[in-house]
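Q: OK, Swiss-Prot features for this one:
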type     : residues                                                          : note
ACT_SITE : Cys47                                                             : active site, nucleophile
BINDING  : Thr46, Cys47, Asn48, Arg49, Ser96, Glu101, Ala102, Gln103, Gln107 : substrate binding site
BINDING  : Gly176, Ala177, Gly178, Glu179, Met180, Ala181                    : NADP(+) binding site
SITE     : His86                                                             : site 'Important for activity'
Amino acid sequence: MALPLYLVGLSHKTAPLEVRERAALDPVVALPAALSALGKGVVLSTCNRTELYGVGSPEKARAFLLSRGVAPRHLYVKEGVEALRHLYRVAAGLDSLVVGEAQILGQVREALFLARRQGATESLLEKAFQSAIALGKRARSETGIGMGAVSVAYAALDLALAVYGDLSGLSVAVLGAGEMAELFLTHLKAHGVGRILVVNRTEEKAQALAERFGGEAFGLPALPQVLRQADLVVASAAAPHYLVGPEDLPKRAKPLFLIDIALPRNIDPRVGDLPHAYLYNLDDLKRVVDRNLRARAGEIPKVEALIEKALGDYMEWYAGHRVREAIRALEAWARVQAAKAQPEAGPVELEKAAGRLAHPFILGLKRRALDRVGGPPCPEDCLLYRLSRT
């Protein structure tokens, strides 16, 4: 039988930003609803993708995403080994907007954790995601795919440097106090900046982040005041609606550059129509990313080789998984036969003898199962299973 994994999703490669916003799943309400609709599954929802992984038929997952206003042309559906290969490419950073970025690996790990918490995983999904996480670590430790600073946050900084060149005299406002904001501030601090203004719904979180980077902290009510002082705004807050609109940016003498790396977006796209405001979003970062990719392009074949090895390892595990009951029965049968042949032997000797007897049968059983992955059930497996019960 075929590997029954499936994947239904959309990403920056297939859907524009406004469509990805509709499909994004917040962890409090929408994510549990998605897992409930799937029955068993894992949901990976990031700023650049929403993907539903499960076992069996992909139709429920497809219907769920269509119900959120996603057009069929924006979706991709992969099944069997191709679904697993895609997951491995995602975890390794090959399918990211910023190839080689490390943040996606933590997001894959978090997706598995949330599915476990909902009781939505099962053995094939568990193994797939655990092996994907292990592969992602190997890709970054054994190749140069992640060399240098590679992340959406770094791409945002790269864009800021392209615009301003020197950041030392600027006031930079950061909306949000999460992982993306922290990453951006880490890169920003390394390049030197005049003034850092951190704005967050929870002022205590803004204070903690500002203290780390020598900045000033503000609650959300102070946002209009902060915008008047800023030269550059980087938005990465987790918010269900726009935090900055055209009405928040009265005409000013000097231009304001805004980079929105949040999903859903923090900044109303109409802000980009203002004569004194220059707005960039996630899709705009792709040009920056394409330039950075050239430095890591030579590492991609090395990562792809690791992926193919990991696929082989998974399919070997799956071959054993498919026939685990038969293997257990063979092992029990071998113990009985060993006891009959050596009635005077002790437990250790009997266990070794049973292992020697069962080993070639188990290898053959796994090999035949592996040969049939993607095809019909193996009649020899069924025969061996029946024989092992005698």
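Each residue, glycine too, has its Cβ placed from N, Cα and C.
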Q: Identify, in sequence order, the residues in the chain of Glu179 (NADP(+) binding site) that are 6 or more apart from it along the sequence and have a CB within less than 8 Å of its CB; answer 'none' if there are none.
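A: Once residues fewer than 6 apart are set aside, Glu179 (NADP(+) binding site) is near Gln103, Gly106.
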Q: Given the binding-site residues Gly176, Gly178, which one is most crowded in terms of C-beta atoms within 10 angstroms?
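A: Checking each of Gly176, Gly178, the winner is Gly176.
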Q: Can you list the residues of the same chain, besides Thr46, Cys47, Asn48, Arg49, Ser96, Glu101, Ala102, Gln103, Gln107, whose Cβ falls within 8 Å of the substrate site's Cβ centroid?
A: Leu97, Val98, Ile104, Val152
Q: Taking the mean position of the Cβ atoms of Gly176, Ala177, Gly178, Glu179, Met180, Ala181 as the NADP(+) site, which residues outside that list, in the same chain, have a Cβ no more than 8 Å away, listed in sequence order?
A: Val174, Glu182, Leu183, Phe184, Leu209, Ser236, Ala237, Ala238
Q: State the Cα to Cα distance, in Å, between Gln107 (substrate binding site) and Met180 (NADP(+) binding site), rounded to an integer.
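A: So the Cα of Met180 (NADP(+) binding site) lies 12 Å away from that of Gln107 (substrate binding site).
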Q: Sorry to bug you, but what's the C-alpha spacing from His86 (site 'Important for activity') to Gly176 (NADP(+) binding site), rounded to the closest Å?
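A: A Cα-Cα distance of 31 Å.
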Q: Counting other Cβ atoms within 10 Å of each residue's Cβ, which of the binding-site residues Thr46, Asn48, Gln107 comes out lowest?
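A: Output over binding-site residues Thr46, Asn48, Gln107: least Cβ neighbours within 10 Å is Gln107.
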Q: So for the residue listed as 'active site, nucleophile', how many other CB atoms are inside 10 Å of its CB?
A: 21
